[in-house]
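Straight from Swiss-Prot, the features:
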SITE      Arg26  site 'Transition state stabilizer'
BINDING   Glu32, His33, Thr34, Asp35, Tyr223  substrate binding site
BINDING   Ser66, Gly123, Ala124, Ser125, Leu126, Ser127, Ser128, Ser129  ATP binding site
BINDING   Ser129, Glu161  Mg(2+) binding site
ACT_SITE  Asp173  active site, proton acceptor
Amino acid sequence: MLQEMHKKFESLFDVKADVRAFAPGRINLIGEHTDYNGGYVFPAAIELGTYGLASKRTDRIIQLYSNNFEDTGIVSFTLDELEFNEQHDWANYPKGVVKYLKEEFNDINQGFNILVEGNIPNGASLSSSASIELLTGWLIKQLFNLHLERLQLIKLGQVVENKFMGVNSGIMDQFIIGMGKAEHAILLDTATLDFDYVPAKFGDYVISIMNTNKRRSLTESKYNERRSECENALSQLQQQLEITSLGELSLAQFEKYQSLITDEVVCRRAKHAISENERTKLAHKALADNNFEQFGQLLNASHKSLKEDYEVTGIELDTLAETAQQVEGVLGARMTGAGFAGCAIALVDKNSIQKLEDEVSKAYIDKIGYAPSFYHVGISDGVKAL
């Protein structure tokens, strides 16, 4: 892929690339919709991701091109035109990174050319947007020799999502893409950003990624609505509790005080955030103890909560996860990512992978009318120069 990208770069921009980098995508093993509630998450970076090449220019023009969106052509603007532009589509993500990096580093005083190509399926909820954000930051870091720490770039990526793109997401995606480590997941406390690397070894089992192949736009989904509902629950609980996030409560504490929340729907949203936080801590222990059966049961319980209490699954994700849960050799399955579409994951015996794919595909085609896709990918390092 890189050899072809170098040729494409020269034909597009008439110069050779100076630097190149890779940023992975991610799966979240468990801990869904907990990152903006001050809870724990348990993600891993994956070998699917985004590759990028870049070269400096002598003027102030920035030119961006994606092999994944060839119809868009070269997106061009200057260092003085760093505002969101709907017509610039995917290029708003790198543009946002440039905007906030430029505010922190005076060294960014020249334009540059960037070519990107990703192999994360579009709309799969495997964090292609955070991948391109951190990739852009790492390319610019190399081009201008910036003293840019990983955590600094991670936080900047979240600012791009929140302020530039208008999605009130938490920090999980950027964190795992910035800090990922091959063959390890990260248990991250999103309240403090304390984290542990945890070997992601499942013995005779593997994680299978199952894609609904239904497109979802995060900004237009109910993501922001769910966050607002959780903030509503928190403010009602704060009438009697000195807490700053739902992640500070145990399930037992929540059950004691849940009557403070007047709206039944809002109460269920909070119940998910708090119960999912407990499941994530239990899953960490289960994996450390090689208790894969319990890990699988926690995946199933997570999906049930996301379906019934948080209501972010939908018929496509439910069909994938619930069919997979019934397949012999599968210990557990759940949706991963923001929900509404995208992917589910299953913990499946290596000898049952084909059985899983056959049975889930048949059920999915029967109910939804088109086929899902399946991926088996290794766990990767975080963003890096190549």
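Every residue gets a Cβ built from N, Cα and C, even glycine.
Each of Gly31, Tyr36, Asn37, Val41, Gly170, Met172, Arg226, Ala273, Glu276, Ala338 belongs to the same chain as Glu32, His33, Thr34, Asp35, Tyr223, is absent from that list, and has a C-beta within 8 angstroms of the C-beta centroid marking the substrate site. Ala124 (ATP binding site) and Tyr223 (substrate binding site) have their C-alpha atoms 15 Å apart, to the nearest angstrom. Here the CA atom of Ser125 (ATP binding site) lies 13 Å from the CA atom of His33 (substrate binding site). Within 10 Å of the Cα of Ser128 (ATP binding site), not one of the binding-site residues from the list Glu32, Thr34, Asp35, Glu161, Tyr223 places its own Cα. Of the listed binding-site residues Ala124, Leu126, the Cβ environment within 10 Å is emptiest of other Cβ atoms at Ala124.
Ranking the binding-site residues Ser66, Ser125 by C-beta neighbours within 10 Å puts Ser125 at the top.
Comparing the binding-site residues Thr34, Ser127, Ser128, Ser129 by how many other C-beta atoms lie within 10 angstroms of each C-beta, the top residue is Ser127. Spatial neighbours are here defined as Cα atoms within 10 angstroms of one another, and by that definition the neighbours of Ser129 (ATP binding site) among the recorded positions Arg26, Thr34, Asp35, Glu161, Asp173, Tyr223 are Glu161, Asp173. Classification of Asp173 (active site, proton acceptor) by DSSP places it within a helix. Ranking the recorded positions Glu161, Asp173 by C-beta neighbours within 10 Å puts Asp173 at the top. Secondary structure at Ser66 (ATP binding site), taken from DSSP and collapsed to helix, strand or coil, is strand. Residue environment of Tyr223 (substrate binding site) contains 21 other Cβ atoms, counted within 10 Å of its Cβ in all protein chains.
Cβ-based crowding with a 10 Å cutoff singles out Glu32 as the top-ranked of the binding-site residues Glu32, Asp35. Contacts of Arg26 (site 'Transition state stabilizer') defined by a Cβ separation under 8 A and a same-chain sequence distance of 6+ are given as Pro43, Ala44, Ala45, Ile46, Leu126, Ser127, Ala130, Ser131, Met172, Asp173, Ile176, Ile177, Gly180, in order along the sequence.
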